[in-house]
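Here's the structure we're looking at; comments come further down.
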Amino acid sequence: MTKVTYKSDIEIAQEASIEKISTICEQLQLEEEDWEPYGKYKAKLSLSLFDKLRTKKDGKVILVTSINPTPAGEGKSTVTVGLGQALNAIGEKAIVALREPSLGPSMGLKGGAAGGGYSQVIPMEDINLHFTGDIHAITTANNALAAFIDNHIHRGNELKIDPRKIVWKRVLDMNDRALRQVVVGLGGPLQGVPREDGFDITVASEVMAIFCLASDMNDLKRRLAAMVIGYTYDHEPVTVADLKVEGALTLLLKDALAPNLVQTLENTPAIIHGGPFANIAHGCNSIIATKLAAKLGDYVVTEAGFGADLGAEKFLNIKARYAQIKPSAVVIVATARALKMHGGAKKDELASENLVALKAGMANLQKHIETIQAFGLPLVVAVNHFVNDHEEEIDYILSWCQEQGVKAERAEVWLKGGAGGEALARTVLAITESEENHFAPLYTLDQSLEEKITIIAQKVYGASRVDFSPKALVQLKEFEHNGWGTLPVCMAKSQYSLSDDPTKLGRPTDFTITVRELKASVGAGFIVALTGNVMTMPGLPKHPAALQMDVTEDGKAKGLF
Ligand code: ADP
């Protein structure tokens with residue numbers, strides 16, 4: 001038997017018939033003043049489009065989420081791109097809205113995040129590397145603030161900032177565990193005031209979160225001004241407004257705030273803007289990108305990171321609330337391999353047929369379906385089909401969904417592009433029309449922080465209780481006292497499990513979520529609750545994806561996938 005080989009993502013992307021970005025802009029009926037080219041294949045869209053399109057009815061928002069993934073990812077970006085292409089293929093006007101990939105996972109485990117197979121956004125090398133420089137601008141704004149803080153203390157510390165109580169960290173868009181805890185200002189009086197500091201990955205920073213939640217330039221500035229950088233010796237919060245640098249920080253971000261337009265392999269317009277992680281941040285592309293895509297198209301297909309316990313929960317409780325978005329439907333991506341892993345199959349045996357493990361693993365999908373139903377939203381399960389998947393397994397997943405009264409479709413968008421997602425596209429259209437939509441966030445803002453965290457832990461994760469560490473209990477009181485109790489919460493939790501223990505797969509029951517620490521992201525407008533051992537600066541694996549990467553003499557990228 002001859003073995004079929006498939007082209008790699010980068011090979012497919014490099015062979016694509018890419019249109020000039022001016023052609024995509026024409027397709028969107030944009031005029032010259034509405035966009036600015038960044039080379040031949042990328043553009044920044046003008047924020048003035050919001051004003052221009054004020055009276056146009058918003059398109060429908062379709063949210064793509066998934067079950068708890070394997071470390072390789074279950075194909076949310078791939079299905080998001082494929083569904084966008086499929087909607088266009090059947091005659092609808094759809095736009096894809098995605099996050100910009102972080103260099104941390106690109107160099108580390110995942111090797112890129114621009115979709116896969118015949119459902120990718122291009123130029124994928126640019127998107128996976130420096131793109132239009134937005135993440136660098138965010139890193140710079142974040143670190144400029146760190147420099148202003150240390151300079152303020154060095155120059156006499158008029159605000160009486162306690163160097164031991166600074167909560168602002170420096171950032172880098174790379175997995176670099178050696179920088180998690182550092183000491184700065186060593187070397188004597190001319191080098192500043194020594195203090196303990198640390199680095200987070202840029203995509204976990206509050207500046208990234210604000211960038212993604214801001215509605216316009218003024219809102220960006222207002223949110224940056226409200227960021228709490230530390231506390232005085234009397235334990236009063238110190239903000240960016242106290243340091244008077246919100247103008248400078250906004251200036252550093254002004255070009256980045258314009259969303260980036262690219263295209264998919266089938267020339268469907270795609271807006272890629274902002275990229276917070278979904279485990280340690282809120283996990284959604286910018287509100288500006290989603291809302292502009294809704295103005296420019298009749299459908300926006302957008303993704304929220306990791307499983308529905310993380311990205312979708314935060315999309316629905318945080319982003320949708322701030323942006324006043326009512327999603328029209330949710331697509332839950334599931335794969336046979338991840339379901340088998342949840343049912344007890346070993347990670348190196350996921351390719352083998354194993355109906356016993358698959359059946360046991362369905363409980364994980366079941367929980368995510370219940371979560372989306374708890375938000376009152378119509379949903380469809382997309383079974384992301386891998387070429388070596390076993391037919392009986394796919395059939396089992398589809399018939400299991402049917403028995404539960406849940407719509408499900410096979411998605412072959414990786415192999416066939418939009419053509420492999422037409423059935424999914426038709427079902428999505430049907431449920432946005434025919435099914436009831438009672439969308440509401442799971443908690444109200446007047447509930448206490450403790451109540452909000454407990455609601456998420458119980459209703460979304462299925463936990464029986466929440467334990468707060470002594471430090472978190474003190475912080476809960478302080479934050480309520482500071483008037484931050486009415487903010488939503490952004491949970492930081494392992495992506496691999498519904499619990500805060502990555503080894504508990506499937507649908508764990510009778511478990512406790514441990515909140516070890518809280519962080520006030522007052523500018524972003526949420527309180528981060530750190531659970532289990534989740535880290536805000538990841539490390540690289542033993543064999544990082546970077547080992548496969550290279551570039552030819554004429555500048556062609558190799559090894560990105
Ligand atoms: P997620 O967004 O859920 O993290 P991605 O869409 O980025 O997942 O996909 C992760 C990786 O898996 C990519 O390299 C992609 O090419 C690959 N992939 C996704 N779907 C399929 C599929 N059906 N067959 C083969 N590879 C796939």
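Note: Cβ is positioned from N, Cα and C throughout, glycine not excepted.
Taken from TrEMBL, the feature ATP binding site applies to T70, P71, A72, G73, E74, G75, K76, S77. For the recorded site, G73 (ATP binding site), the DSSP three-state label reads coil.
Within the set of binding-site residues T70, P71, K76, K76 have a CB atom less than 6 Å from some atom of ligand 1.
Among the listed binding-site residues, namely T70, S77, the Cβ with the most fellow Cβ atoms inside 10 Å is that of S77. Here the binding-site residues are G73, G75, and the one with the most other Cβ atoms within 10 Å of its Cβ is G75. Long-range neighbours of E74 (ATP binding site) (same chain, six or more residues apart, CB within less than 8 Å of its CB): S66, I67, V333, A334, T335, A338, N384. Around K76 (ATP binding site), taking its Cβ as the centre, 27 other Cβ atoms fall within 10 Å, counting all chains. Neighbour count (other Cβ atoms within 10 Å of the Cβ, all protein chains): 13 for P71 (ATP binding site).
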